[in-house]
Every structure is written in C-alpha cells, then in structure tokens.
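Straight from Swiss-Prot, the features:
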ACT_SITE  D8  active site, proton acceptor
ACT_SITE  D130  active site, proton donor
Amino acid sequence: MLLIPAIDLKGGKCVRLRQGRMEDDTVFSDDPVAVALHWAEAGAKRLHLVDLDGAFAGQPVNADIIYHIAQALPDMDIQVGGGIRDSDTIQTYLDAGVRYAIIGTKAINAPHFVADACLEFPGHILLGLDAREGKIAINGWSKLSRHNLIDIAQRFEKDGVEAIIYTDIQRDGMMKGVNIEATSELAKAINIPVIASGGVSSLTEIEALCQHEQDGIGGAIIGRALYEEKIQLAEALAIAKRLSGESTA
C-alpha cells in the first residue's frame, strides 16, 4: 500500500484547500522544495504534486517549483496533476524527472487524449477522477459534469492508464475521513489500482484502507492530516508495510 504525501501548489506556496475551494486555503510553507525533502526524509517513496493554479488556468503555473522538486529528489517517484492539457506538457514534466502525469479535466472534455497519451507515454499516465456524490467534477472542481464515476473509470481503464486517483471532493481537506466504501466500490469495478484521496485523517483509516487492498486499493494520498500532524508519516508507513506484508515502495 503506497502512502503518498500531497504537496498542493498555489502562488508558489504549499497550501491545502477545503473541498477544492481556492479561496479557502491554508498556507503550510513558503518553500515547497523543503517540504518535499522533508517527506522524502520521513520515508515517502512517491509524492503527489498538484498545480492548483494550473488546474484553473488550464496550463502549468507552478511548473518551475515542480522541476526544482524533481531535480532535488531524482530517485523519488513524482506524480503531477493540474493544468495538464496537452502532450507537450506531459513530455516536459517527464523530461524534468516526473514519473507520472495525471490527466483529469482533459479526459472528460477530450476522451481521445487519454488513449493518445497512454500510447505516447506508456506507463506514465494516471487518471484523476474527482467526484461529488458519484458525479465527475472538472475545471479545478468548479464544474460538475453529468458523467458517472464508475462508468468513466471503466471506459478509461481500457485505454491503458496505470492507475486511477479517486478524490471525494466532499471529504477533501475536511479531516472527516476518507470515503472507504466508495473507493472500494470503484476498485472492485475495475482491474487497475485505485489510489484513494480526500479526507484521510487518522492511522485507523490507513489500517482500514490496507484491509481493502485486496479490492484493488493500491495507495492513499495524505494531505492536511500530515501538515496538521494528525498522522506521522513514518508511523503510517510502518503500519502499511506491516498490514500489506510487503514493502510500501
């Protein structure tokens, strides 16, 4: 079970939002590179970087910071989302040392882009599905689409994405607990790993997610709980390793 610290970037700073609202942010650090180094030292094997400004702008805004993090941690698996709308952006990130590009809004607006990206960058494409009450949200969560979560996941699984990152918007940044039931339901419906995101708030939830690993839950992204020290990463990694019975790498 992968446990993946989140670094959300807004205005060049490391922030956390509540339910994806850009106006409801908390700044945790003015130095995202130092934050990334901290999580690496604590044992993280993968980092989840989100260009929040880019998600709304439709193109990278905080790319320079992401490049600096990738350069500082050449052995770290880094996944990046936010503002990825064309293959040139994916290529630039991969050339900079990023391991995975997360396609979200573009997948809904132009489904063929996912298939094309999987062919052009095999093994490097993740699908980010952000949902509220089972419906997919796009454009930095500012717009709710008519698309059903599981239907969309099954469609894009066939295109060759490596994994799906599922975020329950209503739980994100609220410290109310990850939606294990919905995450497990999604994981059972497809044959690629699902990475849980949104609301992970305690070690108990980490344990519960690990118990659903056989359903296809391959990891969890942790944000506010780490920054507010509700969860200590090293302790969480030890629990995940013990319950998974194998390395969390």
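Using the three backbone atoms N, Cα and C, a Cβ is placed for every residue, glycine included.
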Sorry to bug you, but what's the C-alpha spacing from D8 (active site, proton acceptor) to D130 (active site, proton donor), rounded to the closest Å?
-> 15
Residues satisfying Cβ distance under 8 Å from the residue listed as 'active site, proton acceptor', sequence separation of at least 6 | C14, V15, R16, L17, L49, V50, L52, G223
